[in-house]
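Over in TrEMBL, the protein carries these features:
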type     : residues : note
COMPBIAS : 508-520  : compositional bias 'Basic and acidic residues'
REGION   : 212-232  : region 'Disordered'
REGION   : 508-533  : region 'Disordered'
TRANSMEM : 25-48    : transmembrane segment
TRANSMEM : 97-115   : transmembrane segment
TRANSMEM : 149-168  : transmembrane segment
TRANSMEM : 188-211  : transmembrane segment
TRANSMEM : 240-259  : transmembrane segment
TRANSMEM : 279-303  : transmembrane segment
TRANSMEM : 310-330  : transmembrane segment
TRANSMEM : 336-357  : transmembrane segment
TRANSMEM : 364-382  : transmembrane segment
C-alpha cells in the first residue's frame, strides 16, 4: 500500500557514515535557511491592522476574548489563545519580534517538513532541494514575518501530509488517529485549509488501487521505511474516512459558529479572474522569471512523480477548487491557499532532482546554481517586503504621530467601531485617550445619543478611521461627530488608516476669527509708519 515514489537504488558514492550525514544534512539545512531568511529584517515593517487584531485579542482577558469571538474571528480562536504568551512577551520587548516569532518558527518547521517529505518520497537530494526552494519563496517569507496564523497553517498542513504518508505506508489505528488529530488542528487554525483533504483523498485512492488487497513486495533493507508485510492488506480509504470523520466531529462547533460569521468575516472578498490567476505564481516566486523557473520545475516534478499523485494533487487541487468555487461564492485569497505552496516546492524539488540527474556526477553543479537563480530572481521581492512601508498600514508612525500631539482631555472615535482592535497594538496614546466608541466594560459600541453625551465638553476629538466611503459615512457616531464638530486640519494617511482632528464648530469659528484678527493686527503694525525721531 505504497503512497511513495518507487525507490531507486542509492548510488554507492561513499561510506555508510557519509551517506547518513548527507541524509541528515538534507533535512537540517532547509529549516536553518528558512529561519535565517525569516529573521532578516523581521522588525523593520510596522505591524499592520490584521497583526494589531492578533496582538489586541491575545492580550484580552478571557471574558473579553469570548465577547469578541461571539461577534467575529471565531475561526482564529485557537490561534489567539496560542499567541497569549507571545503577546505578554511583547510587553517587555520589541512587539514586532514577539508577535511574529511564532510565524518564523512555523516557517522553519514547515521547511523541515517539506525536506523530510521530499527525502521520503524521492531521496535526500529531492528533500534538500524541495526544502531550500520552499525557504526562498517570497510568499512564505511574507507570512513568516506576519503575526497571523498562515505560516502555522502551512506547517500543520505539512505535518498532516507526512502523517498520511506514514499511515499509508505502515497502516495502523494509531497512525490514522494521529493523522485525524492533525486534520482537526489544521481546521481549527483555518477552515479553508481543509481543501488539502482533496489532495489527500487522491493519495488514498491511488494507494488503494496500487495494492488491491494483496501484500506489497518486500522493501529493500536499505529503505528507512522497510518493514515485513503483516498479513493481507485492506484498502486504506475506510481508515482514512474514519480519521476525517473524527476530525469533522472535533470541528463541528467551529463550523457552526463560523458559518454565522461568514458575511461579517469575508464581505470584502470578490470573485477572482484572469488577473488573479496570473498574479498567484508571480506572487509565490516573487517575479515572472522566478515563477517560470519554479512552476516549470514543478510541472516536471509532478510528471516525474506521476506514480505518486499526491505531489501534483497537493500543488494544484486546493488552489483550483478555491478558485472555481469563488466564481459563485468568493472564498479565494492567496493567503487562504498557502497550503499548496509546500506541494509546489516539493514538486519543484523533485523536478530539479530529475533535471540534475541528467548531469550524472555533476548533478550538484546543476542543482545549486538553479536554487541560487530562483533566490536571485526573488531577491527584489524579499527586499521590498523588508521596508518600513511594505505593509498595508503603518501603525507605528500613526502611534508616534498621536503620541506627539495628544493633549490631556483629548478623546478618540474609531470608525468602524472595531477599529481600536485594528490600530492600538502599540498602546501609548491610546491608553491616554478617552474612547468615545465604547463605554467602559462594553463590547457593543455606543449609540449616537450615548456618543453625543460622552462627547459633551470635548475640545479635541481624534477620528481614527478607514476610508470613509458609502459604507461608513452612515456610522451613527460619525454622523453625530460631524454635526457638532468640524475638521481642524487635513486628514493624514498612514497606509490605509486615516487620522483627523475634530474641534467643536463654535470653537473652530472662534479660533479662525482670532487668527484673522491677530493677523490683521500684525499687518497693521507692520504697515503703520514709524513716528519721526
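Counting begins at 1 with the first residue displayed.
Cβ coordinates come from backbone N, Cα and C, glycine included.
Distant neighbours of the transmembrane segment (279-303): 133, 137-139, 311-312, 315-316, 319, 334, 337, 341, 344-355, 370, 373-374, 377-382; these residues of the same chain sit at least 6 beyond its ends, with a Cβ under 8 Å from one of its Cβ atoms. Remark: the transmembrane segment (310-330) makes no contact with the transmembrane segment (240-259), by the rule of 3 or more CB pairs under 8 A. Most Cβ pairs under 8 Å with the transmembrane segment (25-48) belong to 97-115, among the candidate stretches 97-115, 240-259, 336-357, 364-382. Comparing 188-211, 336-357, 364-382 for CB pairs under 8 angstroms to the transmembrane segment (240-259), the maximum falls on 188-211. Remote same-chain partners of the transmembrane segment (97-115), defined as residues 6 or more beyond its termini with a Cβ less than 8 Å from a stretch Cβ, comprise 26-27, 29-35, 38-39, 42-43, 47, 51, 54-55, 58, 82-83, 86-87, 89-90, 127-128, 130-131, 134-135, 140-141, 143-148, 150-152, 154-155, 157-159, 161-162, 342, 345-346, 349, 425. Outside the transmembrane segment (364-382), and at least 6 residues removed from its termini, the chain residues within Cβ reach (under 8 Å) are 37, 40, 125, 129, 132-133, 136-138, 141, 285-287, 289-290, 293-294, 297, 352-353, 355-356, 358.
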